[in-house]
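**Student:** Quick paste of what TrEMBL says about this protein:
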- 79-159: domain 'Cadherin' (DOMAIN)
- 160-268: domain 'Cadherin' (DOMAIN)
- 261-291: region 'Disordered' (REGION)
- 269-383: domain 'Cadherin' (DOMAIN)
Amino acid sequence: MRTYHCFWLLFWAGQPHQSFLTPLSKRTSGFPEKEKVLVLSGNSRRDLHRSKRSWMWNQFFLLEEYTGTDYQYVGKLHSDQDKGDGSLKYILSGDGAGDLFIINENTGDIQATKRLDREEKPVYILRAQAINRRTGRPVEPESEFIIKIHDINDNEPMFTKDVYNASIPEMSDVGTFVVQVTATDADDPTYGNSAKVVYSILQGQPYFSVESETGIIKTALLNMDRENREQYQVVIQAKDMGGQMGGLSGTTTVNITLTDVNDNPPRFPQSTYQFKAPESTPPDSPVGRIKANDADVDENAEIEYSITEGDGYDMFGITTDKDTQEGIITVKKALDFENKNLYILKVEASNTHVDPRFLYLGPFKDSATVRIQVEDVDEPPVFSRPAYIMEVKEDVPINSVIGTVTAQDPDAAKNPVK
């Protein structure tokens with residue numbers, strides 16, 4: 001008649017944390033209450049089938065970062081051939097055997113010697129065997145089992161960037177997407193809520209909001225004007241445990257810049273400008289500069305100047321200095337103080353790039369009056385004729401009058417000519 005032997009693995013079936021709260025000295029006196037026994041013998045089909053059916057028990061759970069003073073108790077090996085006389089020796093091999101995990105070769109008690117970190121290694125696969133101490137031969141087939149490290153919440157969420165930079169156009173609608181921030185948690189996402197991250201905004205309200213589950217930051221305030229404030233610093237918190245009290249958290253900073261849109265028309269700082277121009281000013285020479293102010297920047301602040309009306313419409317012109325956005329008034333034709341000494345122009349400044357969305361804030365142009373005073377220049381006398389022809393007889397007496405030339409001062413002062 002053939003005899004079958006069994007190799008037993010005993011371990012906890014209750015809540016995993018219960019096995020860590022009892023001092024080790026109380027573990028070595030006997031089997032804990034509510035232990036489950038797994039028959040791992042492979043000597044018969046019936047045993048094999050039974051072992052496969054019980055495989056769910058072939059896994060130990062240990063809490064990571066164990067802080068007890070004693071070694072952490074794992075479980076117990078036992079063979080039905082063990083008569084308690086010390087003739088059998090229990091051997092452990094596999095991941096961490098002899099270092100992280102040790103076995104009492106006489107009793108079969110397995111213990112963990114160090115604190116285990118699930119993030120470093122979540123699962124250990126070990127093999128157990130019982131051998132005859134005298135012959136060194138195995139009395140049971142080698143059996144494999146798993147130690148799974150149960151996660152604790154020992155990792156705070158970490159953002160993928162310490163600082164995020166983003167920009168959006170000013171005057172954006174409420175709910176406009178700004179940027180998405182992402183935080184990861186090294187804890188086990190399949191066990192509890194240790195890795196469930198919830199986002200919240202610590203700094204940046206009421207201007208911005210963040211979606212708690214996605215980390216998407218959006219605008220929360222209407223009509224944010226770059227000209228009033230251009231830079232915003234938003235602080236986002238990621239908290240694990242689903243945001244519950246006691247969860248760990250991490251933060252990141254988001255620097256948000258409002259970019260310019262053309263929502264400001266050009267405006268002259270004064271309604272009237274006055275310049276003086278000598279009547280001797282050559283054509284195409286500048287008379288003066290005027291500038292309309294625009295709170296926008298870059299192309300949104302580009303201005304085009306024009307003379308729209310006035311009695312000097314054909315005497316003067318205006319161009320735009322692209323570097324300073326000033327209007328340069330120039331002389332088109334020669335000036336004559338005696339003919340006209342005052343010109344009044346109406347000058348208009350308008351944006352070259354207009355955004356139709358903000359036309360209701362317009363019109364995107366402004367006008368001002370320019371008075372140009374022509375100054376008199378001391379001009380030389382002018383003869384009444386360009387040439388004179390006179391005849392004189394050869395025998396005319398000395399000091400005889402042979403003719404007269406006339407010249408006048410063209411200036412308004414009519415200074416005497418000699």
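Keep in mind that glycine also has a Cβ here, set from the backbone N, Cα and C atoms.
All annotation found in TrEMBL is predicted automatically rather than curated by experts.
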**Student:** Checking distant contacts: for the region 'Disordered' (261-291), what same-chain residues at least six beyond its ends satisfy Cβ-Cβ under 8 A?
**Tutor:** 169-171, 225-227, 300-301, 303, 305, 316, 321, 324-337, 347, 349-351, 353-355, 357-358, 361-377
**Student:** Please average pLDDT over the domain 'Cadherin' (269-383) for the predicted structure.
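**Tutor:** Here the mean pLDDT over the domain 'Cadherin' (269-383) amounts to 93.
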**Student:** For the domain 'Cadherin' (269-383), DSSP counts of helix, strand and coil?
**Tutor:** 10 helix, 56 strand, 49 coil
